[in-house]
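Participant: First the structure, then my questions, so here it is.
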2 protein chains.
Amino acid sequence: MEKLFIIKIGGNVLDNAGALEAFLKDFATIKAHTILIHGGGKIATKLGEQLGIAANYHNGRRITDAPTLDLVTMVYGGLVNKQLVAQLQRLGCNAWGVTGADGNLIQATKRPVKDIDYGFVGDIKPENVNTKLLATLLQQNVVPVFAPLTHADGKILNTNADTIASVLAVALGKLYDVRLIFCFEKKGVLRDVNKAESVIRHLPRELYDQLLPQGVFADGILPKLENAYAALNAGVKEVLIGEAIDLVKNTGPETEGTLITL
Amino acid sequence: MEKLFIIKIGGNVLDNAGALEAFLKDFATIKAHTILIHGGGKIATKLGEQLGIAANYHNGRRITDAPTLDLVTMVYGGLVNKQLVAQLQRLGCNAWGVTGADGNLIQATKRPVKDIDYGFVGDIKPENVNTKLLATLLQQNVVPVFAPLTHADGKILNTNADTIASVLAVALGKLYDVRLIFCFEKKGVLRDVNKAESVIRHLPRELYDQLLPQGVFADGILPKLENAYAALNAGVKEVLIGEAIDLVKNTGPETEGTLITL
């Protein structure tokens, strides 16, 4: 199977013009099939303030009411997405900006209201990814750039960018050898949270099971690792947690970040 | 060659929720390759006012300064485009929203500054349309939905939606039998501007040349007709000027609007 890198960037890259430019330059040099997924960064919140749209959060997740939905559709699907695409095009990378609505690439289910109404938020599953159309684009050497938006029943829905990355990785894991890369604010998963240089370069399941009872993993990294192993169990070949600045190495055989495998 | 409808809608459809819904329902029933091009409508101007971005025009064309570019990128490329796509998806039409930047579908040249600096505006030519990728999408029964944005040198550029429609029609005229449809506020080109029912159903070049010296064509319609014949001369099979409400008939053999041919 051919290699496919699925790379997710968030605010720590998007909100820093210098870091973003450096990242895009490195990204454009990747010589393999690649998909980029971006979050929204601070721009949506800033524009929301200008427009008097208050940001409401519950457990760290933004509640997407109707004005917020319009805001994120504009900012994520329009401004951020198209600026990334135009910049990558200049760098010789045939980027193509999409949301899950385009070509029905990711059909979602609006999150059911239980204790909390998250509003216009889409939950997604690998079965609802249009892998055929995505593979058609990839075979044309196009680089899909996903905004964190999906759709259901005629509506755009807000969907977590990490979730989109994982779901795409699982769905495309049937057709490609996928390395799913999360750009993180640290070099990788640390053996000692106070030592930046204590990156665990390779974290196979066996080592994880050894280190877990020793309390090595901090609360912040645990859910990411659990999600990583879930993706691997569902057919993703490798998951990498690393810093955006190390992208070139992290798409190569000897990674700077933490390569997680079964 | 297969048939391809290239359909342009503007504010008179986009700014009227009822008209838009009816149009999209009809659009989704078309059983042939189709591309939709949309303008921006009043939403950009309204949002611009909320954000304190003044709209500056010169000869009816908006001047696109940096804040206006961000505004139209958000509104045309994000909000309007993705809402249209999500609504078409619900209607069973595999819509896929794009700008000229995506997949390098339309590479532009930033308009040179002569007497007036139009700002971030892109001029385009049929040679710079990526017909190969567009044809790949069309063969997958995808319906591209174009926002009026192109790109050059790492920047999104604002481009007139009528121009995009014409340039796409000429570029794809080599691969498809193209009918280029402009949705207009009237039923079609009128023989008598005061009589709504005086639509000229078929306007071959010969008839045009006969009627022109008689002063039949009002100032508003003349440039549209000149552009239509230019497109036909460049390889487009048919141009139709008609009302959005007549879309079904206007994509059939007996049109309600004005079918313009050589």
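Any Cβ shown, glycine's included, is placed from N, Cα and C.
TrEMBL does not curate its annotations; it predicts them automatically.
So TrEMBL lists the following for this protein:
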BINDING   A:Gly40, A:Gly41, A:Arg62, A:Asn158  substrate binding site
DOMAIN    A:3-241  domain 'Aspartate/glutamate/uridylate kinase'
SITE      A:Lys8  site 'Transition state stabilizer'
SITE      A:Lys224  site 'Transition state stabilizer'
Participant: Under DSSP, is A:Gly41 (substrate binding site) helix, strand or coil?
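Facilitator: Coil, per DSSP.
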Participant: Quick one: what's DSSP say for A:Asn158 (substrate binding site), helix, strand or coil?
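Facilitator: SS state of A:Asn158 (substrate binding site) = strand.
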Participant: Mind looking up the mean pLDDT for the domain 'Aspartate/glutamate/uridylate kinase' (A:3-241) in the predicted model?
Facilitator: 95
Participant: Which one, from the binding-site residues A:Gly40, A:Gly41, has the smallest tally of other C-beta atoms lying within 10 Å of its C-beta?
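Facilitator: Among the binding-site residues A:Gly40, A:Gly41, the lowest count of other Cβ atoms within 10 Å belongs to A:Gly41.
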Participant: What is the number of other Cβ atoms found within 10 Å of the Cβ of A:Asn158 (substrate binding site)?
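Facilitator: Result for A:Asn158 (substrate binding site): 26 other Cβ atoms within 10 Å.
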Participant: Under 8 Å Cβ to Cβ from A:Arg62 (substrate binding site), same chain, six or more residues apart: give me those in sequence order, or none if nothing qualifies.
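Facilitator: Spatial neighbours, sequence-distant, of A:Arg62 (substrate binding site): A:Ala55, A:Asn56, A:Thr68, A:Asn158.
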Participant: Let's check the environment of A:Lys8 (site 'Transition state stabilizer'): how many other CB atoms sit within 10 Å of its CB?
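Facilitator: Counting Cβ neighbours of A:Lys8 (site 'Transition state stabilizer') within 10 Å gives 25.
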Participant: With every protein chain in view, what's the tally of Cβ atoms within 10 Å of the Cβ of A:Lys224 (site 'Transition state stabilizer'), excluding that atom itself?
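Facilitator: A:Lys224 (site 'Transition state stabilizer'): 17 neighbouring Cβ atoms within 10 Å.
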Participant: Would you measure the largest Cα separation among A:Gly40, A:Gly41, A:Arg62, A:Asn158 for the substrate site and round it to whole Å?
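Facilitator: About 14 Å separates the two most distant Cα atoms.
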